[in-house]
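Quick look at what TrEMBL lists:
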DOMAIN    15-118  domain 'Cadherin'
DOMAIN    119-223  domain 'Cadherin'
DOMAIN    224-329  domain 'Cadherin'
DOMAIN    330-529  domain 'Cadherin'
DOMAIN    530-615  domain 'Cadherin'
DOMAIN    618-805  domain 'Cadherin'
DOMAIN    806-911  domain 'Cadherin'
Amino acid sequence: MVTILDVNDNIPQLNSSQYGAVLREDTPVDSIIVGIAASDADMSFNGEIVFSLSSDFDSTFTISEHSGLIALSYPLDFEREHNYTFFVVATDNGDPPLSNSSEVTVIVTDLNDNPPLFASDTYTTSVPENAILGTSVFQIPATDADSTSNAELRFSVLSGNLASAFQLDERSGLISLQDHLDREVTAGYTLSLRVVDQGTPQFTAQAELLVQVADVNDHIPEFSSNVYHVSVPEQSGMGTLVGVVAATDADTGVNADLVYSIIAGDPDGIFSIDPLAGEVIISRGLDFESVPSHSLTVLVSDRGQPQSHSSTAVLSVSVLDDNEHPPSYPMSHYIVDVPDNTPPGARVGSFPTNDSDTYQRSSLRYSLGNHGNASFFSVDPYTGDLYTLSLLPSGGEELFISLVVSDGLFTVSVGVTVAVFPLSSSLPVFQPPSFIFSINEDTSLGEVVGSLTTTGDDVIFSLANESSVDFPFEVSSNGEINLIGRVDYETAPTWLFSVRAVSTLNSSLVSHAVVALEIDDANDNPPTFASGSYSLIISELTPVSSLLLTLTAHDLDPPGVNSEVEFSITGGNEGGKFDVDPLTGELIVAGLLDYEEQQRFVLNVSLVDENDHAPQFTAPHYQAAVSSGVGEGTPVLTLTAEDPDSGTNSDLSFFLTHLDLPLSFAVNHSTGVVSTGPGFRGDVDSYVLLAAVSDRGSPQPQSDTATIYIMVVPDNNFAPQFSSPGGYAVSIPETLPFGGLGDPGEIFIIDPSTGLISLVGGLDYNSVSLFQLGVDAEDGGTPPRNSFVTVNISVADVNNHAPLFPTSHYTISIYENTTAGSSIANITATDPDTVSISYLLSLNSFAGEIPLFSLDSETGVLSTNSSVDREVAGIRHLLVSAIDSGYPIRLSNSVPVTVIIVDLNDTPPQFDQSEYVFSLLRYLAPGVDFARVTATDSDLIGQPLEYDITGDTSGGIIGVNSTSGVMFARGRVPEEALGTYELTVLSPERFLCVRHYCRDPQLSLCLPSETCLPPNTACDGQCPPGTSLCPTTHLCHVTSLSESCDGTNVTCLIGQILAEGTDSTRECRSLSTLPQTALDCSNEQLYCTSTDECVNITSPPACPYCPTPLTLCPDTRECVPSPEHCCGSGGFFCDALNQCLALSEICQLPNVPPVVFTPLIHLPNPDPQSGDGHVISELLSNRDKQHGQ
């Protein structure tokens, strides 16, 4: 025998050249991931194999050297390593050892084991408030160490996005601007950010983003007022605070730093302003007499970048006059003619003074000097009027006195010569005693400006005391006053001088008069702007109508038409971007500005007007009456005139150019008010005056005239008297007819002549029941006198409104089981009149019938008198009347009421016969009809009737169609079955879909009591026959299965399903538990559980319950005659063989060709969330088809 020794000449063979495994990254350590198998053809130790992993691989995996099982030795992390590739080595124990290797690939699958991370809990960013929509605001930095969908992030803003200012891209995390920002409204936003990954389960993270709205210079500085008014004493020194102009800017930072400056109205530099505080102080002395007021234009600008904004305001400074000028007399000497018989106390004359210090004029005091003939006279210390103190010397003497006036600081005097003439002499008398003339300051030299007249013709006129070389007038011997020098209104607006008239027959007969020559201003001074140019920097965002600057111009002409200026833009206003107020000089923005379109405007502003219209009096004649006893200065009438021109060309002045008696009346040149003058006499019957009106136009003023007739009437001393001074009271009905014309809204008018009060508007007691009229009676006297009285008019209520129902027809629905005495409606009416309402019910019953309803006559509550049965009457038509208690006529109204009695299934079906007798032929073929039974149901909402057979003594050879009542043979009648059979045919009712349901989906609906019960509670407190209540589970169980009362083997009743879970939580739930969608059916609808929908109350579908005596198979949900027919989901019941068959078997009657019966229709396993499956009517119709087969 030869023994062959093994040599290690075979290398180990692995069963695969490549191995692989796919691991979840949460695979537990020590898990076996793959098994390696190898073989070696050698024997003994040469064939023993040891497994190992390649030496260059890490320690994530280990291998059993004997079994070849590779296990996980270190936790996996997809985020650290997605896959592993290494070699497994199989080595034998030979000498030398031989080995072989295979590649192993392990793929790690990602799990959502890392939440998304924000780099910080709080982020801060900023966005300018003028950023355009769509601007990127912030990129949310979030990461997730997972991959694939586990690392897909979705971003959202949980809160803080006020007014949806920002939009977030949920995928990229980019936040952009969605709405316009306004830092002044919202300075910042705090957004609560949330990121969620798309893995399972999902992880989230939250952070906060603070978005600061960066200010942009988008607001213009605004003054608290467009115009400031201040007053300052004339003697205020330099540095005196005049006022503060304050502005605010809604921006912040440098955009709200304000700088103030005076840009106009201060050409002489009298004022200065603190550029930061806006305080205006005096820099140079004030002079009220030169400039009584100043209008300063103050500019405020912010320091905003890149563009500054500015606005202007006007500071109006009124200078308060100081007593720095002495009073003065307009003439250097006065001459007054007085007859020698003038009694003591007679007024000699008036000598007015001037004082440039306006506030001192009321404090002037007059007195007589100590020299001369002062003993003959006295002076009124307040007016300066001169009076005689004693009898004057005989005619022919001249008395000299000195008048003194003082303002408290300064004192001046003037000489007065009183020429006493004998009354009996033929002294020439000036007519009038004084003269007033007026000329324009631009009148040509040599022009005659006035003429003097006296009572005698043989006189020579001359100046009495003016001889200065600059005196601009001369008086010719014939009394003409000529202009010989230049006059200037601005220098001397009035000239007063005395003239003399000497009789040519007797030179000692001399009389004197005063001439007042008023200089009318001519527009001889052009207006000038306070500044030759203005410079403004404004934002292109300046709103339209914003005030930019108030232009000021000065005219050396005095205040009036000649110094009024009218502004207009005459050049540089491209596109009409600006406008100027012609009167105030306010320059405003008139159009939208665009810096890119035009950066600079140079505007030319000028003044224009032409006097092309003459003024016109509003009437050619004026009439007025004045009481004889009124004093000087009493207003009589007002002259009015119109001039279509504008500016100075429409500035009007009024004059009285001719008077019957000198100084009897005077007119205010500006207002046109004519009043009594010092020469007015009450003993004159009437006056005729000539009035003139003139404009101040250029180049030539224009005028118009009118005549004034003034009647003098006796004094009006008594007021009118009412016959009932305490008032009047009257009552009228609200239906009193009205007529006549009155203003809209007026109810009463009064005849101004008769005092008759008339009704011109409709009355309504319910709106106003009392009118209190105030009546004033005024006479036509001067001054007018009046009396007042109250008239109370009471409105008597009249029944003029019928009761009114809120609707024209009532429709009421009630169930037919409504009990007697139930309130079913409240039918009420309203009446605007103050009356009570009673109610009456009619059409309430048929002939001989007890009224079904009753109506409360006071409240209008409609109630049932007896129980209601729809089968007796389904609809009742009533008539409800409302009758008021008015007097003398009671008014009424009626409304129809329809009561619909809703049917309930309260009447069982009835056969048309109590007993049927039919004959059945023995040879009748199966399925052939041989008779029919008929039943009816008076209920309106009853389902179609079903027919079934109970108590069958025929052995089941006779059947009935469940829907038609047709009787048929189930099979041929066997000979041994001949005879007489009794069958009980039933027509049971089906269940109805009811209105009641459980709002709480956890509750079950108990039928037929229609109550909602917790799960597993016995319906109506007891279990159906054949079942018992389990005290531990509160479930009804089949008595034979009472051993399952512990809940381990629960059997549910028909209409219930078993909720799956642990044995301790398994419970039966009613199929009638309604979903939340069943909460909103209307009053005319019912909720049907089978279709999960609202249906009309008159035709509800059948419900998914088996009618008696059918039985529901719990496992197949089919209705069958008895429990023996429940064949399970894999079979069907064969009537011919009276047994269950498999679906593949044939149900065959004897001597009948085989017929394959289809199984009964199966209701699907009930799902509480989706409804109750097919309806019974569908199931029965298919059963009928099977019977037909």
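Quick reminder: no glycine exception, Cβ is built from N, Cα and C everywhere.
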Stretch of maximal Cβ-Cβ contact with the domain 'Cadherin' (530-615) [cut-off: under 8 Å; candidates 15-118, 119-223, 224-329, 806-911]: 224-329
The domain 'Cadherin' (530-615), counted residue by residue under DSSP: helix, strand, coil: 6 helix, 20 strand, 60 coil
Model confidence over the domain 'Cadherin' (15-118) (mean pLDDT, whole number): 89
The domain 'Cadherin' (15-118), counted residue by residue under DSSP: helix, strand, coil: 4 helix, 48 strand, 52 coil
